[in-house]
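Chemist: Please find one structure pasted underneath; my questions will follow.
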Amino acid sequence: MTAEEVDKESDPAIEDVKSDYDAIELGNENENENEVVSLDSMKAVISRASSELKHENDQGEERDLGSVEKDPILERYHAACKQGDMKTLREMVESKVIDLSNDYDPKERVSGLHWACINNRLSAVKYLAGAGAEVNFKGGELDATPLHWASKSGLVYIVDELLKAGADPNITDSQGYNLLHTSVFSSNIMLVIYVLFFVVDGKEDVDQPDPHQRTALQWATYQADALTVENLLKFNADVKNADDAGFTALHWGTVKGSIPVMDLLIKHGSDFFQTTNDGKNCFTIGKELYSIGSLEASLYKNGFDKNGFPLPQYFSASTGKMLTFFLPWVLIPLVFYIFSKITFFIALLINTIVLVISGLVLSRLVVPSYLLSKRHPILNSPLLAGILSGTIAIAFFIWFTKISILTFTEKPVGNIIMLGFFIGLITLFIGLMKSDPGYIPGTVDHDKVRETIKELLSLGKFDAKHFCVHTWIRIPLRSKYDRDSACLISAFDHFCPWVYNQIGLLNHKLFYMFVVLLEISVWWFLPLMMEYFDELEDYLENRKGKHFGDCHFLGDEDLCFGLHHDTFNFLLLCWVIFQAFWVLCLIAVQTVQMLKGVTDYEFVQINKKLKSNGTTTEDIFSSTPPELMSEELIAELDAPALDPRQVPQRTCFTVCCTLLGLDKLVTMIKSVLRLKSDEPSSRSSHLSALARIPTDYGWKQNLKDFWLLPDTSSPLWRRILLPPKDSHALLNGMEVDYYTLYTLPNATEELV
């Protein structure tokens, strides 16, 4: 990379703004020459940006024409700085071959420290700064310091070292950009967070503008960088600041059409009716740039209609959730009743109408009272939990009012046990819905955050894999961030819509006990229902004088009798058995994962890496210098990017499979077969390392870790049956704190 190329990266939005403008003008010309959209509010920005860009290009051409051959000694020195060749660097500096106060070409004015910084050569930067290189030297066409060069490339470790060496973060380049601006240009959230905590916090103004009155927040919104926007807003960046064209952050967000960014800005009070200098609000800009759909979606998520007015709210959030939860308690018996009383096809038509109307009422009137999202609203509502609980409640009601009365004489023990099962199911279900899955509290103590950042920098692990950019804490092993609760969840397993809760460290044992008890209860309920049909037939024949002929349509006389003479309970039995099949799939997956010592989330991630040959779509924002990189990080960064075309698209069928757990069952079977295969693997060594399960300590130890509490003074039955009360649990037989779990017990290498 030449100095010219580095400098031309100075204003990342110049070409993008120009492209946006050209595209909209071209589109309007093609549609109707008389209806050219006016974007006067942006022309000033574009004109200025274009002239700056033209000026840079003209300068570059003039320099190329007038360039002379460079000093070979200086060339060798700069090459050593770029490559981090410490031996050559020391020889040239200590032998006085290179004068650090004059180590640049007079035409380029780019020092060796500049080159070491932009190439992420931490050792070279430390050496040069310690040897007396000027850390605030302004070089290149834009009079940028090494700090500017490093920050534009998102190099956190280099920025940290330069600041330690006395670099001034308040210096601006010739375009008027300070350290915060250039850090935002990099779109590296780790650098932005570092600058916010070590430079801005309590010292500088987070809204310090550039010469065109654009703040860091406005640049971040134009770049559609939701993570940077989120963190700037946490530092109280002003959403209402306008640049010299009258554009606020939301105006720039509308230009790019990023829903997450606009969502954040609207949540923090952005005025979508505020106009630019030529009188255009966000709605006008959205229509001109075809981003109006994204703006309307962002407004909807914040409770506004497409015109920016508050949506009508018919219920409070708690009432809406209650209605959603209890609706299946009414619909399930109603559907069964209609099928049991009316001819099948007419009943099917009526039930379809009932369900469609109920769905429309639910989605239009009820769900928006607590959930303003058009993406999988059913999965994120308590509806499925209502279906499961409603099924249990109806089954209990039928058992208590009909089955137990007719069958208690013949099966007293079975009915008493069934009562115990119902009590256990209801208790566990309520407990699961209200349980804490293991939320790890974040922090707002800036001193603690700075300590965490310093620690991770010293370990070479300050990236999004080890530091949570949302909660500002170090990420423990086996945890995952949950957007709904805005917390990390320890030993995260999965989100279960059937209990309307996340499953993690503190409730995973309860969840497994619940699904196993649910499966046992279904198969215990089946013979009681069969006995009920038999007793009902005898009762009607003996007491009512009715006679029923033989029926073998279903291969069982009792079932056939239930179909024809107690259709409601027959349909209930079929519905309950259907539930048992998907629960059985879930138990199978959970059991295998328990034996392997892995959570569902970890299991899915392992198999994604296996399926994609180690590729990943996740950006961990790592700028770790080569000398601090671990083998694991090198392998992860070297893996090729995943082709988006290889990512399976979600369809209605895949969503249904997800709800029933069938996708997990198929994945588990394929993964077990792959892991058990004796065929030679064609994968590289780093990929085979990704495929291993680091928490698999053998099935016996894995079972002990899952079921036993670490408190050895408690009775064994309490250790087995009770869930953890805090973050302490067993791992490889050792007590660990999952809130601060950064290494695995007896692990041969540090994984976090």
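Heads up, the Cβ atoms here are built off N, Cα and C, so glycines get one too.
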Chemist: With reference to Swiss-Prot, is Val255 found on the same side of the membrane as Glu537?
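Modeler: The record shows them split across the membrane, with topological domain names that differ.
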Chemist: Using Swiss-Prot as the reference, determine which range in 1-21, 169-189, 694-714 is annotated region 'Disordered'.
Modeler: 1-21
Chemist: Who are the long-range neighbours of the transmembrane segment (510-530) in its own chain, taking Cβ under 8 Å and residues 6 or more past its ends?
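Modeler: Hits for the transmembrane segment (510-530): 395, 399, 403, 407, 411, 414-415, 417-418, 421-422, 424-425, 428-429, 431-432, 435, 493, 496, 499, 503, 556, 558-559, 562, 569, 573, 576-577, 579-580, 583-584, 586-587, 590, 594, 721, 723.
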Chemist: Could you give me three numbers for the repeat 'ANK 3' (142-171), the DSSP helix, strand and coil residue counts?
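Modeler: Split into helix, strand and coil, the repeat 'ANK 3' (142-171) gives 16 helix, 1 strand, 13 coil.
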Chemist: Under an 8 Å Cβ to Cβ limit, what residues of the same chain, 6 or more beyond the ends of the transmembrane segment (381-401), are close to it?
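Modeler: For the transmembrane segment (381-401), the nonlocal Cβ contacts are 321, 324-329, 331-333, 362, 367, 371, 415, 418, 422, 425-426, 429, 433, 497-500, 525, 528, 569, 572, 575-576, 579, 659.
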Chemist: Quickly jot the same-chain residues contacting the transmembrane segment (319-339) by Cβ under 8 Å, restricted to those at least six beyond its ends, or write none.
Modeler: 347-348, 350-351, 354-355, 358, 362, 366-370, 381-383, 385-387, 389-391, 393-394, 500, 567-568, 571-572, 575
Chemist: Long-range neighbours only, meaning 6 or more apart in sequence with Cβ under 8 Å: which ones does Cys496 (active site, S-palmitoyl cysteine intermediate) have?
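Modeler: Long-range Cβ contacts: Gln502, Ile503, Phe511.
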Chemist: As a quick check of your reading of DSSP, tell me how many residues in the topological domain 'Lumenal' (402-412) are helical, how many are strand and how many are coil.
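Modeler: Secondary-structure composition of the topological domain 'Lumenal' (402-412): 7 helix, 0 strand, 4 coil.
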Chemist: With DSSP as the reference, give the number of residues of the domain 'DHHC' (466-516) in helix, strand and coil.
Modeler: 9 helix, 14 strand, 28 coil
Chemist: Would you mind listing the long-range same-chain contacts of the topological domain 'Lumenal' (402-412), meaning Cβ under 8 Å and 6+ residues beyond its ends?
Modeler: 418-419, 527-529, 531-532, 535-536, 539, 569
Chemist: By DSSP, how many residues in the repeat 'ANK 1' (72-102) are helix, how many strand, and how many coil?
Modeler: 24 helix, 0 strand, 7 coil
